[in-house]
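Colleague: So that we are looking at the same thing, I have put the structure below in structure tokens.
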Amino acid sequence: MFSIQQPLLVFSDLDGTLLDSHSYDWQPTALWLSRLREANVPVILCSSKTSAEMLYLQKTLGLQGLPLIAENGAVIQLAEQWQDIDGFPRIISGISHGEISQVLNTLREKEHFKFTTFDDVDDATIAEWTGLSRSQAALTQLHEASVTLIWRDSDERMAQFTARLNELGLQFMQGARFWHVLDASAGKDQAANWIIATYQQLSGKRPTTLGLGDGPNDAPLLEVMDYAVIVKGLNREGVHLHDEDPTRVWRTQREGPEGWREGLDHFFSAR
């Protein structure tokens with residue numbers, strides 16, 4: 001049993017979880033975001049998005065100044081009050097965006113894999129793909145430690161591509177809409193554990209953690225949470241955890257931000 005009155009951290013995915021996958025609406029979560037803010041509970045956004053995108057969303061959601069996890073854990077944006085921590089304002093794990101881009105270009109040229117990266121197109125094209133405004137689409141191209149792409153080849157070729165990336169110290173990760181290439185050592189779980197440890201070091205007590213996500217790339221994050229909400233999503237593979245004890249894990253009936261609200265209602269409304 002836990003409540004929002006105790007030391008607590010909430011980690012949340014964005015697209016398909018806190019945000020609607022198509023409209024990007026977040027209004028169903030507004031009441032809970034307000035309650036958590038009033039209780040001084042940090043809501044830590046955790047996504048494949050760039051830090052530039054997420055800083056913009058933090059302001060929209062009233063979460064500015066809090067830490068966030070960008071690019072599937074390859075980038076950690078530190079909290080504003082953590083200016084004494086080495087690496088402030090951002091910690092970047094492993095291989096840089098530029099280095100990954102070079103690897104992908106070589107694989108495409110020499111082994112003829114078919115894919116289109118966000119670096120291959122302009123912001124107008126990304127806006128068309130995503131439904132974002134052009135100014136917001138431009139933020140999606142400001143990668144620091146990963147590459148986002150659309151796969152345009154067969155499943156067999158994807159397996160070969162994944163194996164080649166693994167040999168080179170990279171991983172290939174499926175998101176809600178796109179695929180992502182990043183350093184094999186990076187992950188939402190490692191980033192979350194670092195943030196949890198930092199809060200524990202600063203407060204002297206380990207906070208209870210709640211995570212929310214809807215896609216396969218959220219599973220590592222949810223595995224390291226004390227409690228988890230698996231938001232009903234569009235991905236055919238779904239989310240599967242090693243420990244799905246119903247006292248720890250709640251699968252929502254609703255999708256997107258409605259499911260996010262349902263998960264918070266489940267764990268807190270009766271407490």
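Each Cβ is built from the backbone N, Cα and C atoms, and glycine gets one as well.
For D13, D15, D214, the entry in Swiss-Prot reads Mg(2+) binding site. Taken from Swiss-Prot, the feature active site, nucleophile applies to D13.
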Colleague: Indicate the candidate from D13, D15, D214 with the smallest number of other Cβ atoms within 10 Å of its Cβ, considering only these binding-site residues.
Modeller: D15
Colleague: With a radius of 8 angstroms around the mean position of the C-beta atoms of D13, D15, D214, what other residues of the same chain does the Mg(2+) site pick up?
Modeller: L14, G16, T17, L18, L19, S21, S47, A176, G213, G215, D218, V231, G233
Colleague: Specify the secondary structure state of D15 (Mg(2+) binding site) as given by DSSP, simplified to three classes.
Modeller: strand
Colleague: What does DSSP assign D214 (Mg(2+) binding site), in three states?
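Modeller: In the DSSP reduction, D214 (Mg(2+) binding site) maps to coil.
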